[in-house]
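Trainee: Let me begin by handing over the structure; questions about it come next.
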């Protein structure tokens, strides 16, 4: 326990960097994910094909390989804005197809009768999408989207293995210094992660219940 | 071709959309060609030395060496070995977790729920480090244990959802013909839940195969460590990009094959498991609902994936 209290500043610094990675990569992945999802449901065949291939390739590549590429090979190709930025890029690229899939499944979840009804009362394509389909899709998208962000929170730990000082990096450093209290240190780190993941999970559960009433 | 969302396009609209498609395709192709050329162009580093481009022969001649391929093969086998052992343990744990989670006894249900929440909220990597340091197992067993506990928890949740989505009559019928509650769960409910959730379970096994690369961090000689890290260290960073591309290709082949298998099984079981529950209300979580707006309705002809 003593080792945990002694190193509290290090834990907090790691926690701050974890949250920073989560926020930056989360925002980036959201932006890219929306673009990819739009490409995947667009009527333009070539954009659709590109988005599909991108999704398949990235989803089947291990995150460790993506971050390895960012941390070792990008600097070798003379692109080195620092390990934090590199890890953010890697996490953004890795998370964006998952965001896109969550968005797509939300749009797919809207009942076809809704669109038919909107069309038969004379709404145009844009009106149907913006007044009928999208408002429902957005509600249904939030729970799976939060699940993607929970996964992202856990994935930021991999950045700790590639020179970013976040929670996992802090855990490695502190356990190296204090080999006698490994158990307490690792449990403390787990508590920090659970703080983020469980609270996000509670929000997702609450939203899901609301949506279930709405349908 | 017709869609719910807009009228069937006329000849002008079809021409316009084709034109746009071709232009967008050309832009994407041009971007890719530029990327390939830019990577292939010789570079001048900070001290003035000129390095050959990434497609230059001097960066790929290392693959003539038999030992390189043998190392890659060894790494891939180690990855598959870890994934196989962890998958077996994860399935067993998943079944146990799902039974604990739906148990009628409070003393089993609540502790299982707490353990599951704890495990699912933690990064696999942290679990690996934890097991490696606290139980001082080797890196192989640290990886296997962390992967099987984590994925077991997720498979357990999926199976629980499967059991919950069955019609209540299934359990009542089992009890009515005199089976004990445990026998009902094992012989009536579980087989149906397992079949219904098989696509999700296999998708999770793809995740498990990908996650074996995390064992790189705790020092296990899997594909990433032996095929990329060690070979680059041995032959020099001149070859790092070449090794990266080859390792990426191996990972993609393995994962895409398994994903494809998952899709085939999803299609097969999808039609079968429908027969179990058609006489009652539709189960809350159906993998494929023909009544919803699929991308086809938004002008996409590809249809949705089974998962």
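Note that Cβ sites are derived from N, Cα and C of the backbone, with glycine treated the same way.
Remember, it's a predicted structure, so these values are computed and weren't measured experimentally.
Grabbed the feature section from TrEMBL, which reads as follows:
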DOMAIN    B:76-262  domain 'ABC transmembrane type-1'
REGION    B:271-290  region 'Disordered'
TRANSMEM  B:19-41  transmembrane segment
TRANSMEM  B:82-102  transmembrane segment
TRANSMEM  B:114-134  transmembrane segment
TRANSMEM  B:140-159  transmembrane segment
TRANSMEM  B:197-220  transmembrane segment
TRANSMEM  B:240-262  transmembrane segment
Trainee: Between the stretches B:19-41, B:82-102, B:197-220, which wins on the count of C-beta pairs under 8 angstroms to the transmembrane segment (B:114-134)?
Mentor: B:197-220
Trainee: Taking 3+ C-beta pairs under 8 angstroms (sequence gap of 6 or more) as contact, is the transmembrane segment (B:82-102) in contact with the transmembrane segment (B:240-262)?
Mentor: no
Trainee: Taking the transmembrane segment (B:197-220) as the reference, which of B:19-41, B:140-159, B:240-262 gives the largest number of Cβ pairs under 8 angstroms?
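Mentor: When the Cβ pairs under 8 Å are tallied, B:140-159 comes out ahead.
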